[in-house]
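Copied over from TrEMBL, here are the features:
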TRANSMEM  73-93  transmembrane segment
TRANSMEM  100-118  transmembrane segment
TRANSMEM  124-145  transmembrane segment
REGION    179-201  region 'Disordered'
TRANSMEM  207-227  transmembrane segment
DOMAIN    283-431  domain 'Oxidoreductase molybdopterin-binding'
Amino acid sequence: MARASRRDRVAAPLAWAAGVAAVALGAGLGELVAAVVSPSSSPVAAIGGALIDLAPPWAKDAAIALFGTGDKAALLTGIAIGMIVLAALAGWLEARVPPWGVVVVAAFGTGGAIIAVTRPGAGALAWLPAVVAGAVGAVALGLLVRMLRPRPAETPAAPAGTESDPQERTGAETRRLVPAHDGVSHPPSAPADPREPAASPPSRRAFFAWAGAATAVGVLAIAIGGLRTTASAGVAAARRALRLPEPRMAASPAPAGAELDLPGLARVVTPNDRFYRIDTALIVPELDPADWRLRIHGMVAHEVELTWDELLALPLQESWTTLTCVSNEVGGDLIGNARWLGYPVRELLARAVPDADADMVLSRSIDGFTASTPLEALTDARDAILAVGMNGEPLPLEHGFPVRMVVPGLYGYVSATKWVVDLEVTRFDRATAYWTTRGWSARGPIKLESRIDVPRRGQGLKAGEVVIAGVAWQQQVGIDAVEVRIDEGEWRPATLAAAISDDTWVQWSMPWAADKGDHVIQCRATSKAGEVQTDEVAPPAPDGATGWHWRTVSVF
Ligand SMILES: Nc1nc2c(c(=O)[nH]1)N[C@H]1C(S)=C(S)[C@@H](COP(=O)(O)O)O[C@H]1N2
Ligand SMILES: [Mo]
């Protein structure tokens, strides 16, 4: 391609616009193809998933600390911004040193395809959306930047209809569609002097029309593809149609008085739609119960396989367990309590008969996530279950439908595998779980913690009688007492609400005669084992945060 002279250089903002429009169109069509092929093959999801897996532990920690359960939206926004910047850069490259912009876009498509096929659970066509995205983006970029260049007049316009090169044809169509150009004093397109043909100036209006159309189609396609992906029609419908069997052993209802019912205090039973969600899955895996299989293997005498129907035919039992994330900061809300319905993992392991020297079960999700749970926690008397129900309904898709693990007393990252399909009986010195390879502890017993919920942060308080209330937990151990102190004065005992069980959090409250001024409220719990919650401040990594929760309030 001829080097553009200085005079007919494409203005940089137009080149950026060409890049963004081309990539929007490519990415949009890629998302559409992904919606048809399989949601998790979406190039954006594949790249996001890879970023999540490759991110250093401090980055995951920072993301969760900053955005909480909005971490995925934040990541997607970041990817979108990154793509726009790269797209603009590709447009600029294509204008200045063609065909390098096209090459860059095609290379990103190829890279995205490679990432998509190497994601866990990738289907046979996982490469297709990214290839479509890259190819469409590259061709569109070439065409759009071409429209920004003056056409040498001596090149005869191709006769319409016989042209085979699509690039040429679009150019020809453009000429026909938009005969006028930007209206400034350009020389007429027919050269005055036949020996010195003037270049015909590019039509900016045509460019904007095509670039705008490409962007609009791209954005629309992303929206449609995204909708299809989140609606996950088939599996969501299968879930809605499901009726779970009655438990053989029902959990006793939460005792009267377990719920203090104070505005601002976390409900003792967390509604499913308010339950925190933490996982590495940008796109919620769609696992049809009819296709679900659990394989128990590794260091066992007998391999065990279980289908959905077989699981539901077993005597299911209910249990209350409060789930907690290791990334929960002191005072954080990555914790929730539910009534789970499931089958004891202990019973399934008894069928498999683990080898005497096995000490760990590596549970694996359909999306590749793994958790290392001490074998003992799955064989002792606690309610470690393969859960199918949550608060009286099938598991919500984002909480692991159709089957997940729930193990009281352990942080989620070492126990609560969602969309679980595989249990490998092994040893801690032979296998390593997802977060352990990223610097988190291989074992994660939940630490003794307590939290102040009310008065709420920034809540204006009138002097007089005020209620301080919150929650405290150490699953498997239980809470014996919570104390509160104001302005580092004496620790005074709070009143514990009735506990559902030692595997759940418990609410607490204390009346306080508040006088005017700024005050600091602190709380600490004592476990049934006699442990007093430490004031030693530890961050979430590598095995859970510690310290006292405190809150400052202003009383008027
Ligand atoms: N498949 C899968 N399961 C997973 C995770 C994950 O990333 N992928 N995260 C774990 C972590 S870190 C926690 S705290 C719990 C959270 O469960 P929830 O989202 O239902 O609250 O799920 C666990 N199970
Ligand atoms: Mo977690």
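Yeah, the Cβs are placed from backbone N, Cα and C, and that goes for glycine too.
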**Q.** Which of 73-93, 100-118, 124-145 contacts the transmembrane segment (207-227) most, counting Cβ pairs under 8 Å
**A.** 124-145
Q) Which whole number is the mean pLDDT over the domain 'Oxidoreductase molybdopterin-binding' (283-431)? A) 97
(Q) Per DSSP, what is the helix/strand/coil residue tally across the domain 'Oxidoreductase molybdopterin-binding' (283-431)? (A) 28 helix, 60 strand, 61 coil
